[in-house]
Every structure is written in structure tokens, then in C-alpha cells.
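Enquirer: Reproduced below are the annotations present in TrEMBL:
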BINDING   C37, C38, C103, C132  [4Fe-4S] cluster binding site
DOMAIN    37-146  domain 'NADH:ubiquinone oxidoreductase-like 20kDa subunit'
Amino acid sequence: MGLEEKLPSGFLLSTVETLAGYVRKGSLWPATFGLACCAIEMMSTAGPRFDIARFGMERFSATPRQADLMIVAGRVSQKMAPVLRQIYDQMAEPKWVLAMGVCASSGGMFNNYAIVQGVDHVVPVDIYLPGCPPRPEMLLHAILKLHEKIAHMPLGANREEVIRETEAAALAATSTIEMKGLLR
């Protein structure tokens, strides 16, 4: 999709990886998938008080083809899960997912048949953001953590293999509803 496909493996890759990671982390375009209360906090993050634009996220994309970060904010119903997966599949590579709020991360207080118990059952999640709803400062912190992850993403011939392995591992991992924690 760019310079990384034309590079021979092992040729000055660390310098190019550093540069590509720096550029990618500074130009994220999020696709908003606001489904509930968390969407209000996500919208306030784009306002003048918190100003998400200073981190390179000037606008929220209305189309998945122009986005590389999906922020799933709120609970996902069983009927919405195939739509969420379709939007994820339409996003261009490389792509990342941020599960915002307890409902997106683990189903929240809605433990019933109509709600997906964690968006990680549908798409691979890169960052989990707890809270009900999480504050805008927490969303900014999660985005900065994602920036660190993007900055160290590999390039070159094995990049797609690493992405596939990471996605397969994320989907095969123990779901959040099955994890043992303080409240479960």
C-alpha cells in the first residue's frame, strides 16, 4: 500500500519503520461507531476543551474507507454485530479498534441474550478503555497508548503475516466475559 511493499527485507528497515510509525501515529482518522452513552463523551473529546485535533485527529470519518481507527463506544446488540464486522472489513489496512466503555469491552451491566458480551467477539480489539462512561481524558490517554503501539508496528515483507497472527490471537483469546476478575 506504499513504501513498505517496495522495500527489500532487512534493508534499512529500522529507520524506515521509525519514520513510518511516527507518520502513522500522527494521522489517525477515526470512524465513530457511537452506540450509547459513551458516544457523548467521545463527541466532547473533539470539542474545544479537550481538542483531539492536537493529536492529528482533525475529523471523525463518516465512511470506513477513509478511516483507520474504529472507536466502538457503547453496547453492541446482536443485530448490530454483523454491521460492525462489515464496517471493520471495509476499513483500509492498517486498522485499529478501540473499545470505549465497559459495555463495548465486556457487555457491561447488560448480561442478556440481546447484547454482545464484548466487542472482541466480533472484531479484534487493540485498546480496551474502561469506565461507564469513560471521561474524555481517559479517551485521550487510550489514544496516546495506541500511538505508542502504532509507532512500533513492523513493516516489510512479514508485516501482513504479523497482522494476521495478531488478529487471530486476539479473536482466539479468552473473551472478557470468561475472564476472572474482581466482579466476576
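Each residue, glycine too, has its Cβ placed from N, Cα and C.
How buried are the listed features, and what sits near them?
Expert: Spatially close to C103 ([4Fe-4S] cluster binding site) yet at least six residues away along the chain are L35, A36, C38, G74, R75, V76, M109, F110, I115, C132, judged by Cβ distances under 8 angstroms. C103 ([4Fe-4S] cluster binding site) falls within a helix when secondary structure is assigned with DSSP.
For the domain 'NADH:ubiquinone oxidoreductase-like 20kDa subunit' (37-146), the model gives a mean pLDDT of 86.
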Enquirer: Within the domain 'NADH:ubiquinone oxidoreductase-like 20kDa subunit' (37-146), count helix residues (DSSP H, G, I), strand residues (E, B) and coil residues, in that order.
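Expert: Tallying H, G and I as helix, E and B as strand, the rest coil: 44 helix, 16 strand, 50 coil.
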Enquirer: Same-chain residues six or more away whose CB lies under 8 A from the CB of C37 ([4Fe-4S] cluster binding site)?
Expert: G74, G101, C132, P133
Enquirer: Starting from the Cβ centroid of C37, C38, C103, C132, the recorded [4Fe-4S] cluster site, name every other residue in that chain with its Cβ within 8 Å, sequence order please.
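Expert: The surrounding set, listed in chain order, is A36, A73, G74, R75, M100, G101, V102, A104, G108, G131, P133, P134.
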Enquirer: Out of C38, C132, which has the highest number of nearby Cβ atoms, where nearby means within 10 Å of its Cβ, if these are the binding-site residues?
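Expert: When each Cβ's neighbours within 10 Å are tallied, C38 tops the list.
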